[in-house]
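S.K.: Mind having a look at this structure? Questions to follow.
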Amino acid sequence: MEPTILLLLALLVGFLLLLVRGHPKSRGNFPPGPRPLPLLGNLLQLDRGGLLNSFMQLREKYGDVFTVHLGPRPVVMLCGTDTIKEALVGQAEDFSGRGTIAVIEPIFKEYGVIFANGERWKALRRFSLATMRDFGMGKRSVEERIQEEAQCLVEELRKSQGAPLDPTFLFQCITANIICSIVFGERFDYTDRQFLRLLELFYRTFSLLSSFSSQVFEFFSGFLKYFPGAHRQISKNLQEILDYIGHIVEKHRATLDPSAPRDFIDTYLLRMEKEKSNHHTEFHHENLMISLLSLFFAGTETSSTTLRYGFLLMLKYPHVAEKVQKEIDQVIGSHRLPTLDDRSKMPYTDAVIHEIQRFSDLVPIGVPHRVTKDTMFRGYLLPKNTEVYPILSSALHDPQYFDHPDSFNPEHFLDANGALKKSEAFMPFSTGKRICLGEGIARNELFLFFTTILQNFSVSSHLAPKDIDLTPKESGIGKIPPTYQICFSAR
């Protein structure tokens with residue numbers, strides 16, 4: 001008999017056995033949710049619009065805490081600002097584990113600073129925060145690196161002479177170069193072939209991660225991993241990036257000066273050498289490689305995509321861009337570079353950047369957590385290792401905190417006196433112990449890049465503002481803005 005037929009028969013028999021025996025009751029007292037089918041879980045409740053739409057519909061029926069079965073595994077959803085804060089901040093240690101994203105699990109395997117757990121995660125996070133802080137405050141601060149990159153961008157945009165262009169590539173270049181300078185110790189020219197290949201791989205991978213097929217993969221990863229699909233291309237892309245990172249690491253090994261570490265890699269290699277006699281150390285090659293991949297990927301695509309959304313919104317709402325430019329002219333003028341010290345004197349611009357991050361809602365579902373022990377939460381018992389999804393979109397669009405949550409309105413972050421107003425619901429970087437470790441760098445990038453561009457250029461489109469579409473191209477793990485053309489005209 002053909003192997004394919006045998007496989008199908010085995011699957012059919014297994015499915016029938018599950019139907020006969022029924023779905024086994026999970027240990028613990030889970031929050032309510034739709035009744036799962038054997039093997040399928042809640043697939044039939046999945047909206048074609050994606051997981052986020054599905055979860056929001058289920059929230060209306062089951063409340064702010066509910067359970068969804070992604071295939072056979074139960075996952076608890078947390079919705080609303082107060083619920084997310086109560087879990088990730090109020091019970092921070094209990095909810096500090098990292099869950100699994102099945103489509104990238106074959107590459108990350110719980111290594112690296114983002115997807116590690118337990119003592120491994122704590123050691124890598126402490127090291128990463130300290131190292132990035134040291135290289136951000138050393139001879140060349142992060143501020144200086146961003147200012148330098150912003151001026152490179154200005155020169156590139158001047159070359160366009162106001163002709164329409166897609167900003168995706170240039171925004172990728174500038175954000176990637178900041179993380180490259182901290183992690184690799186160098187920036188790349190915008191024409192460097194290897195650099196261009198890396199940016200292409202990051203862009204394609206982020207798009208695939210946000211696709212509907214990747215969302216379906218979360219339900220049936222144990223089965224679908226044996227078949228062709230987006231998951232295989234994602235693994236192939238990430239492996240190619242790892243191969244390049246491996247080459248960079250070997251170059252660092254060959255030129256390492258213990259008395260003068262140049263960057264994150266050098267500092268990690270020195271720590272590896274220091275702990276080589278410790279058989280239980282977490283500072284080994286695998287954690288280095290996956291940490292570098294994590295930092296590079298998170299530090300490039302998220303900030304560049306936020307900038308893309310930001311300038312699309314400036315085309316849609318030109319009066320906002322004009323008001324930002326007025327504040328830039330008053331505070332900075334046209335003859336010096338914007339600095340981070342300017343931010344406190346520019347509440348409207350700061351509010352606009354906050355609103356761009358809130359409205360663009362870049363990682364709507366949030367990177368999954370898991371509970372580190374049996375945990376009581378709002379009367380429910382979540383067994384150790386239960387996966388938890390903080391639906392960040394439900395906080396960023398929380399009507400209890402934002403008057404018009406589905407509209408772009410910088411007034412959400414301004415008080416009656418025009419000063420910047422903080423909001424508990426503002427969590428684009430998540431919150432709690434797993435908050436994005438690059439938050440500070442990302443905030444600095446957004447402010448300096450945004451103000452430098454609008455200091456030097458006015459932006460326009462061949463489309464009327466009313467015709468500009470803000471609908472995301474993909475909306476899964478990440479929201480991908482639609483492609484668009486923009487004109488940068490020198491002021």
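Even glycines carry a Cβ here, placed using N, Cα and C.
Heads up, here are the entries from Swiss-Prot:
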BINDING   C436  heme binding site
MOD_RES   S128  phosphoserine
S.K.: If you draw a 10 Å sphere on the Cβ of C436 (heme binding site), how many other Cβ atoms land inside?
M.R.: 19
S.K.: Are there any residues in the same chain, six or more apart in sequence, whose C-beta is under 8 angstroms from the C-beta of S128 (phosphoserine), and if so which?
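M.R.: Non-local contacts for S128 (phosphoserine): V113, F264, S291, L295, L437.
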S.K.: What does DSSP call S128 (phosphoserine) in the simple three-state scheme?
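M.R.: Reduced to three states, the DSSP call for S128 (phosphoserine) is helix.
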